[in-house]
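Scroll down for the structure; my scribbles are underneath it.
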Amino acid sequence: MRGSIDGILGTKEEISKERKLNSSSTRTKKWLKRREMWLVILGVLLHAVYMLSIFDIYFKSPIVHGSDLVSPRFKSPPAKRLVLLIADGLRADKFFEPDLETGQYRAPFLRSVIKEKGRWGVSHARPPTESRPGHVAIIAGFYEDPSAVTKGWKANPVEFDSVFNRSRHTFAYGSPDIIPIFCSDIPHTTWNSYPHEFEDFATDASFLDEWSFDEFKSLLNRSNYDPELKKLLQQDNLVVFLHLLGCDSNGHAHRPYSNIYLNNVKVVDSIAKRMYDLVEDYFKDNQTAYIFTADHGMSDKGSHGDGHPANTDTPLVAWGAGVQQPKRSSRGRYSDDGFRFVDEHVHHMPTPLDWGISGIDRVDVNQADIAPLMSTLLGLPCPANSVGNLPLGYINLDEREEVEAALANTKQVLNQFLRKSQLKQSTSLRFKPFKALENHSSVLEQIEALISVGIYEEAMKLSQNLRTLSLEGLNYFQTYDWLMLMSVITLGYIGWMICLVLHVLQSYTSFSGSINQMLQLRNNRSQVYICGFLVMAVIFVLLSVERSPPLYHVYTAMTIFLWTQIFSEYRFLKLLWKDLSSSNFVFSMKLLATSAVSVVILEFLVNSFTDRKLYTYCFLIVGVLAAIYLFYAIPGRSAVPVFILVSCWFLSTFTLMPAEIPDNTPLVIASGLIISGVALAVRCFDLTTGGSKYWQCILNCEDQKPMSTLLFYLQVFLVGLSSVMVEVTTTHRTEKKELLMLHQLINWSVAGVSMVLPLFSPTSLLSRLTSIFLGFAPPFLLLSIGYEAVFYGALALVLMAWILFECAILYLTKAWTSSYIKDARHEQEERWLQLSDMRVPIIFMVLFNVAFFGTGNFASIASFEISSVYRFITIFSPFLMSGLLIFKLFIPFMLVICVFSAITKLIGVSRLGCYFLVILSSDVMTIHFFFLVRNTGSWMEIGNTISHFGIMSAQVVFVLMLFALTNIYTKDIHIGSRRSSSQKAL
């Protein structure tokens, strides 16, 4: 009897050994959990902080306080007051070109101004082509840093000077998103804005423009009964600003080629005419200057933000007091004189013939040039932070006053440079001045002397050259700390990557040995920490003496901390080097090959950010190679290779499609049938695995029941209902009807309920993943407008192919047998990571990036198609709309992560260990993008490189967030006992 018990439970010695092993396992778990928690926190903090570094290096705020203002030396200002009309979202071509149906021009009044009263041109905006940066450029004369796009709906986050500040009084009416930015903190303003509820994308928004005009008209009428207001209106240096939002709202909702948008152009022109008649009739002194322009354009798909000419080219028309009369165009053949506007347009662009004004002289400007133009017309100093160049082609001045105006513009830019130089010199231990402007005082004296003797042409050349040098000097001090910061951040990223490698080796590979040995290697590290602390203290003192920003201290502290951690592992590093140097040739070659292939694939992913078509070639090739490998490796199972080939080739077609998704409601509706068909095929496969020892062994080890029939058909019903609601809500919008509350309630309910149902599905691998696929399909369909709905099904097919591929690898390598299982260290029998497991994070990275680029360029602001949310909300609500857009973009990522989590369970490795390998791979790309960031060339190129770097830096955060979110769905996935499964198979 005793022997029988010993045979079943083990001998006393074995039981004692098992208890020690369990104690060691518990200690290991606690140590690993604590270390991993701190590593994850460090990774999130490090990437969040280092992501900010790109703005400290390249795009610090250009605002500098304390520079002196310079007023132009005029006997009297050219104009007594100025009217500024900004048509938000108005494209230059839609404004100037004739209507295709009638042949008539859409802006007859402003065209008559161009021909008879004033000057015209194209104002070139610089990305990000959003409302806030555009208005800041026009009114304040400088370009905000790229992060300004994230402040588009906030009140003024920084203090800056503007034309409104310099004016005696400003009257402003328009959108609640724009007017308060410039007027809420200025005491000498009278302003009003309509409620946010007026901005309904389901209606014709041209009434918003009429509201702004009516408010100013009411003000003038009220002045007839208000002596104080009448007196105020009669003073000089007044600015009247009307913000006309209609074109922007109608462009987003109905596209810039729709009749509603084009009719809004006519409304804007009518308001300009009525405004001119109203002001001239009221003041009767011909002392008013008028400027009509736009903050940005609008792409064909109803969005803006990038550097496409449709977004950067805006109209500019100026007339009235102080503005030159029209001139006949004297240009012959248009030649490139080398000048480039901020959006990379050449100086002498030919005017399209269909605009009908090619015979009239055209004066193009950069958007920031409008601020000094307005200031000079009113005889005011340019805004303190303006970098605009005064466009003399618009102002009617004599030769001396022209030079005086240009010199005032130059001095204002030079004063900014001198202020920045002074601030930097006061804080630098070793100051390096900008040598080109060391003799600026003598140049100014020379210009003044030339003006005094009437040599205006030479004075103008010197003034313009001095202004150019001042702008270069401003740029010099903007990037003064560039080299130091780049070095610190680069060392920080390299240190972080080494720390990740060491952690994976110590925690998830057989190299780590016992926990006691690891703890012994980590002892006696106090000397390294003391040295690291001393180095950090010395650098902090130096940074404090130079009064560096707090973030400089943070960048340096993180980098020193990481390298201190690395040097503290010197014993483990010695042991690692000894082990690697003594390893056999085959292992060394395998390690080098795995590293080389991984780097090549990651470099391929880097290039895919600028060329989506690379994914087409990738999946065409991978589909063939995987099919051939499995066809010969698993004879008799030819259906799997064929399925992998077809699914990869199907997905490869999407990166050939246009990034700007065209509207195609029938395709979205048909996608509901495709999604249901894919789910039905997987369910049938799941039901048939019970008859196959091969699939039962790997996928359904313990004969779990597949997904319940009722739940499955309920989810399929919700997919069908969402397709019906796509048709219903789209029809209502195309008929210019409002989104019914009932439709809105159904859409929100379907989306919400469908995402909860997967939690009640069976926990077998295929049943749970099929349920997740069906659960996120309704919200994705309701947020889709075109072919991206089909992409959802195609991606699911490739993810299924990945599962089948891993199953085949698992079957071939016998990875579930006891020889690969850890020695009772984890309850779920996780095995050590091997070199071959690197394929899992690499495949994940490829599929994760396909989710980025499969339906467009996620790295571009213009990829956020706002019409996607109109089935849930049409009232303008920027945060809710942004949240819905981001959620839609994240749904494919969530599918990829769910399958990734399931595969780590399938092959028996640590999911967190694979997550660290994913972050390591991501950081190889991040550091490459860090070096690819540009501060020269077109702004579109610069913006793209910044967004690429930002996306990769943020992956550690939002991948972790999505891992936590998808864990709700995948934590219950049950693979079964590998030991019992292997015995069944045998």
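Glycine residues also receive a Cβ, built from the backbone N, Cα and C atoms like all the rest.
Looking just at the domain 'Sulfatase N-terminal' (246-355), the mean pLDDT is 87. Per TrEMBL, the feature domain 'Sulfatase N-terminal' maps to 246-355.
Look at TrEMBL and you will find 472-938 tagged as domain 'GPI ethanolamine phosphate transferase 1 C-terminal'.
For 482-505 (among others), the entry in TrEMBL reads transmembrane segment.
Annotation source TrEMBL lists transmembrane segment at 526-545 (among others). When Cβ-Cβ distances below 8 Å are used as the criterion, the transmembrane segment (526-545) is approached by residues 429, 552-553, 556-557, 560-561, 563-564, 567-568, 570 of the same chain, each at least six residues removed from its ends.
The transmembrane segment annotation in TrEMBL covers 614-632 (among others). Outside the transmembrane segment (614-632) by six or more residues, the chain places 604, 607-608, 638, 640-642, 644-649, 651-653, 655-656, 798, 801, 805, 808, 846, 849-850, 853-854 with a CB less than 8 A from a CB of the stretch.
Residues or ranges marked as transmembrane segment in TrEMBL: 639-659 (among others).
Same-chain residues lying 6 or more positions outside the transmembrane segment (665-685) and placing a CB less than 8 Å from one of its CB atoms are 706-707, 712, 715-716, 719-720, 722-724, 726-727, 730, 766, 769-770, 773-774, 777, 781, 784-787, 789-790, 792-793, 796-797, 800. Taken from TrEMBL, the feature transmembrane segment covers 665-685 (among others).
Annotation source TrEMBL lists transmembrane segment at 710-728 (among others).
The transmembrane segment annotation in TrEMBL covers 740-760 (among others).
Annotated transmembrane segment per TrEMBL: 791-812 (among others), in sequence order.
TrEMBL lists 840-859 (among others) with the feature transmembrane segment.
The feature transmembrane segment is assigned by TrEMBL to 879-900 (among others).
Among the features that TrEMBL reports, transmembrane segment is placed at 912-933 (among others). Within the chain, the transmembrane segment (912-933) has long-range Cβ neighbours (under 8 A, six or more residues past its boundaries) at 36, 39, 43, 47, 54, 57-58, 489-490, 493-494, 496-497, 500-501, 503-504, 507-508, 598-599, 602-603, 605-606, 609, 833, 837-838, 840-842, 844-845, 900, 904, 942, 945-946, 948-949, 952-953, 955-956, 959-960, 963.
The transmembrane segment annotation in TrEMBL covers 945-969 (among others).
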